[in-house]
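S.K.: This is the structure, below, for whatever I ask next.
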Amino acid sequence: MPEEESIDIKFRLYDGSDIGPFRYSAASTVDFLKQRVVSDWPKGKTVVPKGINEVKLISSGKILENNKTVGQCKTPFGDIAGGVIVMHVVVQPSLAKSKTEKKVDKAPKAVICTCTIL
């Protein structure tokens, strides 16, 4: 039985701090990585994801899809044997809240026009 490839990954946060590195199998999904990032999120950060849907992982300039595996996301030309892959973490709050907040803000405003003839 062949040994499954394992990949070392660390996650770079918005402020330059890192989570990891951790070792994952090439068959691990991006969804699994996001769960790990949310569960290991450092205490005291100003931006904290509420769930995996608010987390985006970026590797080699591409946003990774949840159903892809680590092996599928790995770029062949950028890897150094024994090196650690750095994935950038972006927290993007869900849009549903911000859309409803905008509607509430616009509702009480009224347009008032006046004309003055001199």
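For all residues, glycine too, the Cβ spot is worked out from N, Cα and C.
Quick caveat, the model's predicted, so the values are computed rather than measured.
Not my notes, these are from Swiss-Prot:
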DOMAIN    7-73  domain 'Ubiquitin-like'
LIPID     Cys113  S-palmitoyl cysteine
LIPID     Cys115  S-geranylgeranyl cysteine
MOD_RES   Cys115  cysteine methyl ester
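Explain the structural surroundings of these features, please.
M.R.: Using DSSP to sort the residues of the domain 'Ubiquitin-like' (7-73) gives these counts of helix, strand and coil: 17 helix, 23 strand, 27 coil.
All chains included, 4 other C-beta atoms sit within 10 angstroms of the C-beta of Cys113 (S-palmitoyl cysteine).
Neighbour list (Cys115 (S-geranylgeranyl cysteine), Cβ cut-off 8 Å, at least 6 residues apart, same chain): empty.
In the three-state DSSP scheme, Cys115 (S-geranylgeranyl cysteine) falls into the coil class.
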S.K.: Please give the average pLDDT for the domain 'Ubiquitin-like' (7-73) in this predicted model.
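M.R.: So the average pLDDT across the domain 'Ubiquitin-like' (7-73) works out to 88.
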